[in-house]
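Beneath this line is the structure, given in C-alpha cells, with notes to follow.
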Amino acid sequence: MAIKANEISSLIKKQIENFTPDFEVAETGVVTYVGDGIARAYGLENAMSGELVEFSNGILGMAQNLDATDVGIIVLGDFLSIREGDTVKRTGKIMEIQVGEELIGRVVNPLGQPVDGLGELNTGKTRPVEAKAPGVMQRKSVSEPLQTGLKAIDALVPIGRGQRELIIGDRQTGKTSVAIDAILNQKGQDMICIYVAIGQKESTVRTQVETLRKLGAMDYTIVVTASASQPSPLLYIAPYAGAAMGEEFMYNGKHVLVVYDDLSKQAVAYRELSLLLRRPPGREAYPGDVFYLHSRLLERAAKLSDDLGGGSMTALPFIETQAGDISAYIATNVISITDGQIFLENDLFYSGVRPAIDAGSSVSRVGGAAQIKAMKKVAGTLRLDLASFRELEAFTQFGSDLDEATQAKLNRGRRTVEVLKQPLHKPLAVEKQVLILYALTHGHLDNVPVDDVLDFETKMFDFFDANYADLLNVITDTKDLPEEAKLDEAIKAFKNTTNY
C-alpha cells in the first residue's frame, strides 16, 4: 500500500490545530525560611498584599510583606510540614470562607473547616474574609433594642442592633458568661449568633459549646474557634472569618450578634506575626497598624439602611485588662472604636455582685434609643441613684449619724444592687425586668430585707405568671407600661400573700 505524502501532512496539520497543551502557567517561588507560623519566599515578584499562595504540599498561606527581595507569608495551616526549598505558587485569589445557613449549629476553625466531628460542610457559598465596611449612606441609626436578658445591662447600658459594645475587665470576672447569657436570650428573637473563641483552651471552648447545646442555643449559633495551641495566623484571621459569616446574614436582611472572645489575644498574635516578619515595633512592641487591625473589623458591624434590607450585625468584642487598667494601649484603642463599654470589676465580682458591672465606668453611646419605652420609664434615674449610693456608701464609712433622707437613699441603693444581681445562664425576659425595676423605683421593695430581695423577685414573677399575665402581656405587646394604678395594685396583692 502506497503512502500518500499529502494525506500524512494533512493529518499532522489537523493534530497540530487541535492540540491543547496540558499544563498551566503559574508564578512560582522558593521557600527560603519557614518557622513559627510564617514563611519567606524568593521569586514571587508580582504577588499582591493579602493574596493567597499555595505551597507544594497543598497548604495555603497569605502574602503579608512585599519586600524587594522576598515575600513574607503567614501560613494558614501546619507550617511544620513545609521545608526550605519547597516551591510556592501564586493563586491570584484572596482568602474566602464558606458562609450560609448550613454553618448554624456547627463548630468550625477560622478556615471554615468543621472541627466538631459532625461531618463535612459544603455550603456552596463563600465570602472574602476581609471586606469593606458599609459606608455612611448604607447605614441607619441604631434604634432596635438587643435584649441581653441581664437587668444590669438592659437597664444601665442598653445595647441596640447594629451597635459595637465592648466588654472589658480582668480575667475571671465573668466576661464570657455575660456573652453566653446574651446568646441564650436570643432564643426566639429571630437572631443568629456567632461566637468567635480566640486563643482559648480547647477544654474551655468545649464547655461553652456544651452549655449552648444543652440550653438549646446551638440551633441559632455558629462557633468559630482558634484555640491557644493553633498557630498565630489562625488566631489573627479568626475574628475576620466570624465577621464574614455574619455579613452573609446581615446583607440578606437578617440580624446577627457576633461575640469576639477576646481581641487582646488577637492583638498579641498579630504582634507576634509582625515581629517575625521584621516589621518595626511601636508602643508595647505592637506594630503601627494595630489600631487598624481592630477598627476595620468592628466597622463591619452596622445597622443597614432599608434599601439594603435593614439587616444588622451587632459586635460584642472582649478586651482583657491587667489589674483593672482600662488606660492600656489596646484597651483605649478599642474603647475609642466602639459605641460604649461594659466594665466588669474584680472587687464587685469577688464581693458577690454578679454580673460585676461597674455602673460608673460603663456607658452606652446609643443609650435610650436602644430601649423600649417601658424600660426607659423605670430605668431613667437608676444610674444616678446607683452612683450617688456608691458615693454615700464611701462617705458613711467615716460617720454613723445620718439623716432620714440619706438613710433612705442608702437603703434604696442596697436594694438596687441586689435587684441587679442575676444567677448564671438565667436571662430574664424584658417584661419581667421592667416589672422588678418598677417595684424597686416605686418603693415596693423598701421594706423587704436586703437578703430577701432575690427571693421576693422570684416569687413575684411566679405570682404574676399565675394571676396577672395580662399585665406582662401589655408590656410585651405595647412596649410600654400598663396603667400604674393596676400595676401597684397587683404588686400590693402579691405582698399581701407574703410576709413582706
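Cβ from N, Cα, C; glycine included.
Over in Swiss-Prot, the protein carries these features:
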BINDING   G169, D170, R171, Q172, T173, G174, K175, T176  ATP binding site
SITE      S362  site 'Required for activity'
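Positions of the features from Swiss-Prot, shown on the structure.
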{"residue": "G169", "record": "ATP binding site", "Cβ neighbours (10 Å)": "28"}
{"residue": "D170", "record": "ATP binding site", "Cβ neighbours (10 Å)": "17"}
{"residue": "R171", "record": "ATP binding site", "Cβ neighbours (10 Å)": "11"}
{"residue": "Q172", "record": "ATP binding site", "Cβ neighbours (10 Å)": "12"}
{"residue": "T173", "record": "ATP binding site", "Cβ neighbours (10 Å)": "26"}
{"residue": "G174", "record": "ATP binding site", "Cβ neighbours (10 Å)": "19"}
{"residue": "K175", "record": "ATP binding site", "Cβ neighbours (10 Å)": "24"}
{"residue": "T176", "record": "ATP binding site", "Cβ neighbours (10 Å)": "20"}
{"residue": "S362", "record": "site 'Required for activity'", "Cβ neighbours (10 Å)": "22"}
Euclidean distance between Cα atoms of S362 (site 'Required for activity') and D170 (ATP binding site), Å: 14
Rounded distance in angstrom between the Cα atoms of G169 (ATP binding site) and S362 (site 'Required for activity'): 11
Whose Cβ lies within 8 Å of the mean position of the Cβ atoms of G169, D170, R171, Q172, T173, G174, K175, T176, the ATP site, other than those residues? E320, L344, F349
Cα distance, S362 (site 'Required for activity') to R171 (ATP binding site), nearest Å? 17
Measuring Cα to Cα, how far is T176 (ATP binding site) from S362 (site 'Required for activity') in Å? 17
